[in-house]
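Report on the following structure.
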Amino acid sequence: MSFAEKITGLLARPNQQDPIGPEQPWYLKYGSRLLGIVAAFFAILFGLWNVFSIITLSVSCLVAGILQMVAGFVVMLLEAPCCFVCFGQVNEIAEKVESKPLYFRAGLYIAMAIPPIILCFGLASLFGSGLIFGTGVVYGMMALGKKASAEDMRAAAQQTFGGNTPAQTNDRAGIVNNAQPFSFTGAVGTDSNV
């Protein structure tokens, strides 16, 4: 068994089937899951740190810490439901979100990461919620899909739209009709030599 197969076996859920959508590379699929688990752990940890800011009477940092911890628990619930085996409905919730398109998860993670940063801008909220934001960005990139092949991009670039003439590819295609070339060999005939 190769190292990649061991890693994918550790990060795969029991009875998990491959998604029906466009195939993603294994390192992106499981790397995003691993990033989400790490992000959730640090969001909970730094959210707890922000909650302790009540000592300095900063209510906004207290609220930001609570929101960051909730976001960390939600991300952990969706990425690693095995951490919440004591709750019966966790697998159903994770499967429901798993069946949604990837851009749904990306939007959810990005939306959960922004309020703690706005409420209490500091290293703890920036790092904890920033990792969740990064996980959302990775899922957003996966939702966009991979780039088309070179042949497909060339074919799309050569298509004509609305009956226009095909694109000209010679060197003088962008020059205005009847334009005279510049000449630096002598003075222009209308120059007054002033």
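Backbone N, Cα and C atoms are what each Cβ position is placed from, and that goes for glycine too.
The topological domains that Swiss-Prot gives for Leu34 and Met141 carry different names, which places them on opposite sides of the membrane. Of all Cβ atoms in the shown protein chains, 25 besides its own fall within 10 Å of the Cβ of Glu79 (site 'Calcium ion selectivity').
Long-range Cβ contacts of the topological domain 'Extracellular' (56-65) within its own chain (Cβ-Cβ under 8 Å, at least 6 residues beyond either end) map to 47-50, 115-117, 119-120, 122, 124-125. Residues of the same chain lying 6 or more positions beyond the ends of the topological domain 'Cytoplasmic' (89-106) and with a Cβ under 8 Å from any Cβ of it are 13, 21, 77-78, 81, 136-140, 142-143. Mean per-residue pLDDT, taken over the topological domain 'Extracellular' (128-194), amounts to 72.
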